[in-house]
Structures are given as C-alpha cells and as structure tokens.
C-alpha cells in the first residue's frame with residue numbers, strides 16, 4: 001500500500017523574532033525543513049506535499065524539484081493546513097504521514113516504525129506520542145480505562161485533570177488518506193484558539209467507532225518542536241551530540257566532543273584526530289589519519305589523508321594528502337594545496353594552486369597564483385595581484401626560490417629554478433635558471449649619523 005506525506009511549513013514563527021521563515025532556520029548546517037524532509041524520505045512516500053505560506057518562495061526553493069507544494073494563504077490552524085493538501089492527495093488509497101516542518105530531531109527510523117505500527121494495527125489514525133517530564137504547552141493524549149486513545153486536548157483547552165497527563169502529542173500522525181480528508185470536512189473552530197485543529201479528527205474517528213492508536217517515541221528528544229531561539233539552541237545541541245557520537249563510533253577521535261561543531265553532511269574518515277573547538281561546516285570531507293588542532297575552522301573543503309591543520313581557517317578549497325597548514329593560516333576560496341605542501345603561520349592563500357612539496361613558512365600572501373612544485377617562499381613575500389579594477393595572475397614554475405620580502409607584481413612569470421633576491425620588487429618576467437634582483441644598491445654615508453639628534457654626540 002502506498003505512503004504519502006504532508007509537511008507543514010506555512011507558519012511564520014513569530015516567537016523566533018526573525019524575518020526568516022521558521023522552518024528555514026538551520027540546525028547543524030541544513031534547514032529544519034531539510035532535516036524533516038530527509039527523515040520523511042526514509043518511508044519512501046509515493047508523493048510528498050509541502051504546505052507553504054509565509055514567504056512561500058523562500059521555502060519552496062529549499063525543496064524545489066523534490067516535493068509538490070500547496071499554499072496556505074491564511075494560517076488558520078493545523079487542520080486548515082492539511083486541508084490545503086487535499087487537491088494533491090484526494091482519492092488516493094494508502095497512508096498519509098502528517099508532520100510539522102519545525103521538528104528537526106525526528107528520525108527516519110522512528111517514522112518508519114510509526115508507519116509499520118499503524119499498518120500492522122489496522123488503525124484509521126495513529127498518533128506519534130512521547131512521555132514528557134514537563135508536558136506544559138503540549139497537547140495531551142487522553143485514553144480510556146482500556147488504554148485506548150479517545151482524544152487529544154490542547155493545553156489551552158485542557159481541564160485540571162487533563163493537564164496532569166504526561167503523554168503528549170508530538171504533532172506527527174499517520175492517517176488513512178481518504179478518511180483523513182473526509183473527517184476534515186467535519187471539524188470547526190469552536191476552541192480557545194479559534195482555529196481548525198487537526199487533532200479534532202481523532203475525536204471524529206472515535207465517535208464513529210474507528211480504531212485510533214498511539215505509537216510512543218523511545219527518545220523524547222525527537223519530539224522537540226522549535227518555536228523560539230532557545231529551542232533552536234537545544235536542537236543544535238542534541239544534533240551535535242548525535243553527529244559526534246556517530247563519528248566516534250566510526251573511528252574518529254574527539255578530544256572534547258562537547259566543544260566540537262560538525263555539520264550533518266560532513267564526512268570524516270577513520271583515525272582522524274579532532275581537538276577541541278574545531279568547526280567543520282557544509283560539505284567538508286576529511287581524509288584518514290589527519291589531525292585538526294584546536295581552533296581549526298573548515299568550510300566546504302576537502303582535506304586529504306595524513307594532513308595536519310593547526311588552528312587555521314580553510315574555505316571552499318582542497319588540501320591534498322600529507323600537507324600541513326598553520327598555525328594561524330587562512331586558505332581562502334578556490335585554492336588547491338597539492339600533496340606535501342607546507343603553509344605556515346600567518347600565511348594567506350586565495351584562488352591559487354600550490355604545487356607538490358612547496359613551502360610558504362610564514363608571513364606570506366599568495367593570491368591568484370599558479371605555483372609549481374618544490375618552490376620555497378621566504379618570509380614576507382607578497383603577490384601583488386590587484387590594481388583596483390582587475391585581478392592578475394602570478395605564475396611560478398618548479399623549484400623556484402622566492403627570497404624573503406619579495407614583492408611579485410602581477411601579471412608575472414617566474415621560470416624553473418629561478419631565484420628572486422631578498423627585498424626585491426619584481427615587475428618583469430624572470431627566465432628559468434635566472435636570479436632577479438629588483439632593489440636599489442645600498443649606499444653608506446660615513447659619519448652622517450653624527451648630525452642626527454639621537455647620536456650621543458648631540459646629547460647634552
């Protein structure tokens with residue numbers, strides 16, 4: 001039998017106090033909506049419908065091409081939101097999962113278990129529930145003396161007895177698709193919120209003698225709905241612990257997993273060592289037996305095996321195996337450091353390719369450059385690549401030696417085995433096997449310093 005899914009993503013999220021729609025706030029690198037969509041994908045729905053409303057086009061962009069969409073122009077409650085999906089799902093045979101787009105911690109495994117429970121028990125509706133130590137703010141699951149679910153009562157509508165119930169509604173359900181839309185035609189807004197409650201269909205099913213069940217989550221944390229920044233931080237904390245635990249199980253060493261921040265799509269090979277206060281974001285990949293020391297920050301980059309990154313930032317770049325970077329280096333976007341490269345302290349590389357075994361030990365800027373293998377950069381070298389309007393390229397061939405405090409003014413080519421003298425400003429191409437000296441000759445004026453105020457002879 002086919003499965004379908006409705007993701008509710010139309011709300012503004014007023015308590016977030018943000019111009020961004022609530023479901024587009026990120027947890028561990030991707031939006032809450034994407035987390036939910038990935039979990040839903042585990043049940044392999046024949047059709048997925050996302051209900052959008054507030055800033056609909058922004059929300060649509062996130063799942064464009066992956067989901068059907070329907071508009072809820074007025075936010076009149078969860079029941080009303082599901083009504084908007086009828087055009088996409090009306091008349092279809094099967095089970096429909098309904099889930100909120102602000103529940104990023106739900107897992108695909110739990111949703112699959114929920115679907116299986118629903119089908120195996122032949123329910124017309126199944127509620128995903130959880131047991132809360134503090135149930136305030138949640139809808140309560142009310143059962144009869146036989147343990148059967150009779151209704152769901154929202155916090156504002158609950159009496160004193162019902163408020164003591166700790167089994168709560170997570171806001172996720174599975175329904176017989178046809179019966180869901182039939183029942184929705186019979187709900188109304190006679191409640192404290194003046195909204196169409198999706199939960200009212202449960203009472204309708206019970207009144208008709210139809211079977212309603214509840215599947216209890218094993219992990220209460222999965223039920224978290226994010227309505228404000230406090231809950232967003234909680235979700236981030238839980239997700240971080242999950243991610244880091246998975247990497248540790250897979251053979252990665254963490255000095256302090258509570259102080260290491262890794263996005264959900266990051267890939268890390270076994271035997272990598274990660275010290276505290278490391279951040280790995282986006283689509284970053286780290287090869288086996290690499291070491292990332294305290295303070296390293298890497299975004300959307302590929303780090304090869306056996307590399308050592310020491311307290312440095314790497315963005316949108318590739319670092320091949322055996323390279324060392326840092327401390328305090330900055331590898332800016334579109335750079336490639338090839339095998340065995342050494343980039344030392346206070347070196348910045350931008351939009352450049354650095355060849356095998358090349359070394360830039362300290363205090364160097366390499367921008368828009370093509371650098372060969374076995375090149376050595378002396379301290380204080382700068383590629384001058386920008387004239388205020390255009391960027392120009394510096395090309396340095398294999399085994400060149402760039403003397404300390406060289407200024408390389410692009411466009412410029414330096415040939416194989418060439419050398420630039422320390423302190424030179426190089427403006428013309430340097431042929432292979434040549435030495436380039438671009439500095440004025442030193443002149444010593446003997447006795448001249450005696451006339452200066454600092455000289456002892458001038459002191460009274």
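Think of each number as a place in line: the chain as shown, counted from 1.
Just so you know, glycine gets a Cβ as well, placed from its N, Cα and C.
Annotation comment: Swiss-Prot describes 1-229 as region 'Pyrophosphorylase'. Residues annotated as UDP-N-acetyl-alpha-D-glucosamine binding site in Swiss-Prot: 8-11, 22, 72, 77-78, 139, 154, 169, 227, 332, 350, 365, 376. For 102, 227, the entry in Swiss-Prot reads Mg(2+) binding site. Residues or ranges marked as region 'Linker' by Swiss-Prot on the basis of sequence analysis: 230-250. The feature region 'N-acetyltransferase' is assigned by Swiss-Prot to 251-460, with sequence analysis given as support. Positions annotated as active site, proton acceptor by Swiss-Prot: 362. Under the heading acetyl-CoA binding site, Swiss-Prot lists 379, 385, 386, 404, 422, 439, citing sequence analysis as support.
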Next on the checklist: I need the nearest neighbour of residue 386 (acetyl-CoA binding site) among the recorded positions 8, 102, 139, 332, 362, using C-alpha distances.
Outcome noted: 332
Checklist entry - Hey, what's the widest CA-to-CA gap across 379, 385, 386, 404, 422, 439, the acetyl-CoA contacts in the record, in Å? => result 22
Item to check | Those binding-site residues listed as 77, 139, and which of them has the most Cβ atoms within 10 Å of its own Cβ | outcome: 139
Checklist outcome for this item: Candidates 22, 332, 439 (binding-site residues); nearest Cα to residue 102 (Mg(2+) binding site) turns out to be 22
Next on the checklist: Please identify, among the binding-site residues 10, 227, 422, the one with the smallest Cα-Cα distance to residue 362 (active site, proton acceptor).
Outcome noted: 422
Checklist outcome for this item: Here the Cα-Cα span from residue 139 (UDP-N-acetyl-alpha-D-glucosamine binding site) to residue 404 (acetyl-CoA binding site), rounded to a whole number of angstrom, reaches 70
Next on the checklist: Under 8 Å between C-beta atoms and at least six residues away from its ends: which parts of the chain pack against the region 'Linker' (230-250)?
Outcome noted: 16, 25, 27-28, 32, 104-105, 221, 224, 257-258, 260-264, 266, 268, 270
Item to check | Three-class DSSP secondary structure - residue 169 (UDP-N-acetyl-alpha-D-glucosamine binding site) | outcome: strand
Checklist entry - Which one is it: of the binding-site residues 227, 385, 404, 422, whose Cα lies the shortest distance from the Cα of residue 77 (UDP-N-acetyl-alpha-D-glucosamine binding site)? => result 227
Checklist entry - How many Å lie between the Cα of residue 8 (UDP-N-acetyl-alpha-D-glucosamine binding site) and the Cα of residue 422 (acetyl-CoA binding site)? => result 65
Item to check | Number of Cβ atoms other than its own within 10 Å, given for residue 102 (Mg(2+) binding site) | outcome: 26
Checklist entry - Whole-number Å distance between the CA of residue 439 (acetyl-CoA binding site) and the CA of residue 365 (UDP-N-acetyl-alpha-D-glucosamine binding site)? => result 20
Next on the checklist: For the region 'Pyrophosphorylase' (1-229), report the average pLDDT of the model, please.
Outcome noted: 95
